[in-house]
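Listed in TrEMBL for this protein:
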TRANSMEM  9-26  transmembrane segment
TRANSMEM  46-68  transmembrane segment
TRANSMEM  89-108  transmembrane segment
TRANSMEM  120-140  transmembrane segment
TRANSMEM  161-190  transmembrane segment
TRANSMEM  219-238  transmembrane segment
TRANSMEM  250-276  transmembrane segment
TRANSMEM  288-312  transmembrane segment
TRANSMEM  324-348  transmembrane segment
TRANSMEM  354-376  transmembrane segment
TRANSMEM  388-406  transmembrane segment
Amino acid sequence: MNLKLLKNSLIYFVGTLIFSVFNYLFNAQMGQRLGPSEYSIIGSLLSLIVIITMPTNAVSTIIMRYAAHYQAQNQGGKIKAFAIHLTKRMAAVGVLIAIIFALASSWIADFLKLPSTTPVIIISPILAFLFVLPINRGLLQGLQRFFDSVINQNIDPLIKLILGLTLVSLGFGVNGAMVAILIGTVIAYLGSFWPIRQLLKEPSQPIAHLPTEAKEYSWTAFLAFIFATLLLQIDVILVKHFLDAHTAGLYTALSTMAKIVLFVTTPVVSVMFPMISDLRGRDQKHYLILMQSFLLVFAIGLVSCLGFYWFAPTVVNILYKAEFISVAPYLGLFGAAMLLYSLTNLWVNYFLSIGNRFFIVALGLITCLEIGLIWWRHDNFTVIINNLLLTNAMGFILLTGYYLYLKWPQILESWPTKLLPLHREP
């Protein structure tokens, strides 16, 4: 096993574990203190925010990839100039979208069946910060500063948890939770400048526009994250639209718990991406990193799914208490859907890391299929989760097949002496 991959994955795993604990404590406490109906407001608004900020994932991936590339060539000035250029553009976009979001608060509240527009207006400014925060975080990942990255990623969930509990306990309800989420994000963004302070001191090499390759890559990353985020989040929004508030709150809790599978496997993918980009920048082979990442994601995800099947009532009772216990029978099935999504997500990040564009077609098709299936059939949790299982399984099969199609000659050449052994690379 590549020790660098294992070490960095461990750092990211521990950091993500802490991140997940803070987030799940926040969600659990909000669910317990507010009840399913009001909790569904938080879940649906956050899912909508995640979908709106999809382009930031693409930008984060772009800066991560090019930071790794320029770092391999010892060109810190280009990294700084690239980051500043992106920040200026994304800040303008973020402010504009935040204003539009606030102005559209009545329509949003109507679609999500919210009793008031106040939570929508309160959370609107977060969009301005969420459009620039991923740039600094992408820099840290691209530079393989994984420890600094996980520290920053844990700032906002910690503040959100502490402040959210305080404000909700004081009687501010959903509005208090929204304020806590906003403040946590603002502080995290300001704090993200500290670990890159040395980079910001380097002499910049001014650029007037993005490199041509970066423009082409940005569209690929943009579309990839649109489809991947919709695939992950759209079900919560559609459930809030089609079903009653209480049922939507139960589904939000179920979805949040099932995503534990994704959270515990994400560190491996986050570490894999810059390592493969770096190896490609040096014209070195990377398939061992990919295969080992795949095995880690599958193993960690499978253990999580089995835990859901065996201990579902315990998990629900620990996180959400008795009011949500009715969702326990669905947790194992939903976890399986998230395992398939995690494997699909690994392929998406792999293809992005090597600059491939054609995988977008398959990803777009399964995303449209998921939206169509849920819109058409949303009678109960079993039907909705089966829709997720079908689309995520198709995504995994299609992207795996595409990889095998691309790499089959190399696989045959390497099998079995080079592909299977898990050894430390020189």
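Each Cβ is built from the backbone N, Cα and C atoms, and glycine gets one as well.
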(message) Against the transmembrane segment (219-238), which of these stretches has the most C-beta pairs under 8 Å: 120-140, 288-312, 354-376, 388-406?
(response) 354-376
(message) So if I exclude everything within five residues of the ends of the transmembrane segment (9-26), which remaining residues of that chain have a CB under 8 angstroms from its CBs? That is, six or more out.
(response) 146-147, 149-151, 153-154, 157-158, 160-161, 164, 256-257, 260, 263-264, 266-268, 270-271, 296, 319
(message) Three or more CB pairs closer than 8 Å, sequence separation of 6 or more: does that hold for the transmembrane segment (388-406) against the transmembrane segment (120-140)?
(response) no
(request) May I ask for the residues of the chain that lie six or more residues beyond the transmembrane segment (120-140) and have a Cβ under 8 Å from a Cβ within it? (result) 45, 49, 52-53, 55-57, 59-64, 67, 79, 83, 86-87, 90-91, 93-95, 97-99, 101-102, 105, 108-109, 114, 146, 148-149, 152-153, 175, 178-179, 181-182, 185-186, 188-189, 192-193, 195-196, 199
(message) Are there residues at least six beyond either end of the transmembrane segment (250-276) with Cβ under 8 Å to its Cβ atoms? List them, or say none.
(response) 4-5, 8-9, 11-13, 15-17, 19-20, 23-24, 27, 31, 36, 39-40, 42-44, 61, 64-65, 67-68, 141-142, 144, 146, 232, 235-236, 239-240, 243, 286, 289-290, 293, 296-297, 300-301, 304-305, 308, 315-316, 319-320, 324, 326-327, 330-331, 334-335, 337-339, 341-342, 345-346, 349-350, 352-354, 381, 384
(request) Could you tell me what the rest of the chain brings near the transmembrane segment (46-68), counting residues at least six beyond its ends with Cβ under 8 Å? (result) 79, 82-83, 86, 90, 93, 97, 101, 108, 112, 123, 126-127, 130-131, 133-135, 137-139, 141-144, 181, 211, 214, 217-218, 221-226, 228-230, 233-234, 236-237, 273-274, 277-278, 281, 349, 352-353
